Amino acid sequence: MEGKMSWTVADAVDYKGFPADRSKTGGWMPAALILGIEICERLSTMGIAVNLVTYLGGTLHLPSSTSANVVTDFMGTSFLLCLLGGFLADTFLGRYKTIAIFSIIQTLGTGTLALATKLPQLRPPPCHGSHTCKQANGFQMGILYIALYLIALGTGGLKSSVSGFGTDQFDEKDEKEKSQMAYFFNRFFFFISTGTLMAVTVLVYIQDEVGRSWAYGICSVSMFVAVLIFLSGTKRYRYKKSLGSPIVQIFQVIVAAINKRKMKLPYNVELLYEDTPETSRIHHTDRFRFLDKAAIVGEGDLERNVGPAAAPNPWKLSPVTRVEEVKMMAALLPIWATTILFWTTYAQMMTFSVEQASTMERSVGGFQIPAGSLTVFFVAAILITLAVYDRLVMPLWKKWKGKPGFSSLQRIALGLALSTMGMASAAVAEVKRLEVARATGASATTGTLPVTVFILIPQFFLVGAGEAFIYTGQLDFFITQSPKGMKTMSTGLFLTTLSLGFFVSSLLVSVVKSVMGGSNGGQGWLADNINHGRLDCFYGLLAVLGVINFALYIVSAVWFKPRKSKPATLQMDTIVNGSSTAENKC
């Protein structure tokens, strides 16, 4: 019997609901089928985002700032909806059904976008002269928005569950599978970058040279094929039972603490309520003492609910471990807040930087580089940085410091510093571009300026290298420093920094457009034609904000105390790198 049990995974079942057979389910091959969905999602989302601004301005004739905000709102919504996808996966659907449903939604969205860009009735007529450009009407924009936000909804559902369902295919208690899970995480970001690389090269080229409807049709077909491949692994996947949404658990603690705000804490913390098994408990800490009131036992709190799993009402009384889990999440918020600005900087690489490129000389021999494909330098910076860090920096750092690489907080700091330098570089490049525009008398036109597009490479490279550090650093930090039962929640918290970064970009553009609209001879910093504006000042503003934000991050990082609890059940870093310590590691 014991030999038979060793072939099953304790906390996972197969597609029939029976204990998962280790030899027939899970492992690297099912996880690889799941990664196929992620590659196609990235291909669709980034292939659309990096070149959408040129379609909005060149075909739909929207102003520069409006085009930028359409793109950033689309991307921001995509990441924000990860919270909805995570909630549905944790509470109702499970990760498998969530991936299947939302991947189909994204397939429909890209198909709709292919139609929207194909039919002449869904776009305004071409310009005839410099003053007869008719903007897209409400109906045409409405169809475009339906397509974009179907894609955003699909992206949100997928991103919330793909990485989690991938890790479900490995058993943390088995040493061999634990090392395979580390390999899965190490390659997950590589697959994301591969999908992005295909998007900004092949897909953008097809959009510009063959037709957007063909490119978006390819996205739709590739996602549909990926769904079929994903479904083909149904019998080989391992499925883990949903434990309920961590968001609900957090609100339960907060509500209980607020209701007991007038009660005094006991002099001995051992008098606080605790019903968690000894091996899974988190010891009480003194931070955020207000939340401890949720664990005060009041009159009638210990009355049990009716049912086989009778327990006190969680909206009235929470155990100390649950309170400590909420404290752990609250302690992440300062770091969370100070990483948002990076993604605001990142947003400029897909909007204004692409607009800059569209006005510049992009020919190499007889080949014309699409403006959106300049982001290939961004992706190349990510891949080069990851390779250099993995093969050179980590071994040297281990010899010098005895640690395998920078801590997650150090990587985040590097990402923030590099993005700030990227914005400073972007401001310098824009000064040069505007000088050429004025010198050639081209400031009143939208023609190609006699200045090479390659002067934009430093800003793409610096921000790209910054993403390589900050993405891996954030993912490591939010998973290793959050409670074990809130892995999905912590991943969602990380993804909200991306979402809010794009929304902050939209807000900043709107504020600058409003406040600085009367400067620069009435054109403002963000004029409808960027040759009339002062985009260099906007980039300079982002660089200054980056310096201030970096200082705030340093203060937050010094204040934050990494959790060093010893029980193995609380170690989240085993999920990422297979180590057994609670330190921040690569």
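Keep in mind that glycine also has a Cβ here, set from the backbone N, Cα and C atoms.
As written in TrEMBL, here are the features:
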TRANSMEM  74-93  transmembrane segment
TRANSMEM  100-119  transmembrane segment
TRANSMEM  139-158  transmembrane segment
TRANSMEM  188-207  transmembrane segment
TRANSMEM  213-231  transmembrane segment
TRANSMEM  326-347  transmembrane segment
TRANSMEM  367-389  transmembrane segment
TRANSMEM  409-429  transmembrane segment
TRANSMEM  449-471  transmembrane segment
TRANSMEM  492-512  transmembrane segment
TRANSMEM  538-560  transmembrane segment
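Most Cβ pairs within less than 8 Å of the transmembrane segment (326-347), among stretches 100-119, 139-158, 188-207, 492-512, 538-560, belong to 492-512. Residues 50-51, 54, 189-190, 193, 196-197, 200-201, 204-205, 207-209, 349-350, 353-355, 357-358, 405, 453, 456-457, 460-465, 467-469, 472, 586 of the same chain, all 6+ positions outside the transmembrane segment (367-389), place their C-beta atoms under 8 angstroms from a C-beta of that stretch. Looking at which of 74-93, 100-119, 139-158, 188-207, 538-560 has the most CB pairs under 8 Å to the transmembrane segment (213-231), the answer is the stretch 100-119. Remote same-chain residues near the transmembrane segment (492-512) are listed as 65, 68-69, 72-73, 75-80, 82-83, 86, 159-160, 329, 332, 336, 339-348, 351, 474-475, 478, 482, 524-526, 538, 541-542 (criterion: CB distance under 8 Å, separation of at least six residues from the stretch ends).
The list of residues near the transmembrane segment (409-429) in space but at least 6 beyond its ends in sequence, with Cβ under 8 angstroms from a Cβ of it, reads 335, 338-339, 341-342, 345-346, 348, 353, 356, 455-456, 458-463, 465-474, 476-477, 536-537, 539-540, 542-543, 546-547, 549-550, 553-554, 557, 560, 584, 586.
Remote same-chain partners of the transmembrane segment (449-471), defined as residues 6 or more beyond its termini with a Cβ less than 8 Å from a stretch Cβ, comprise 189, 339, 342, 345-346, 349, 353, 356-357, 359-362, 369, 371, 374-375, 377-382, 384-386, 389, 406, 411-412, 414-419, 421-423, 425-426, 429, 432-433, 436-437, 440, 442. Ranked by Cβ pairs under 8 Å to the transmembrane segment (139-158), the stretches 74-93, 100-119, 188-207, 538-560 are led by 100-119. Long-range neighbours of the transmembrane segment (188-207) within the same chain, counting only residues 6 or more positions beyond its ends whose Cβ lies under 8 Å from a Cβ of the stretch, are 35, 38-47, 50-51, 55, 163, 166, 214-215, 218-219, 370, 372-373, 375-376, 378-380, 382-383, 386, 471-472, 475.
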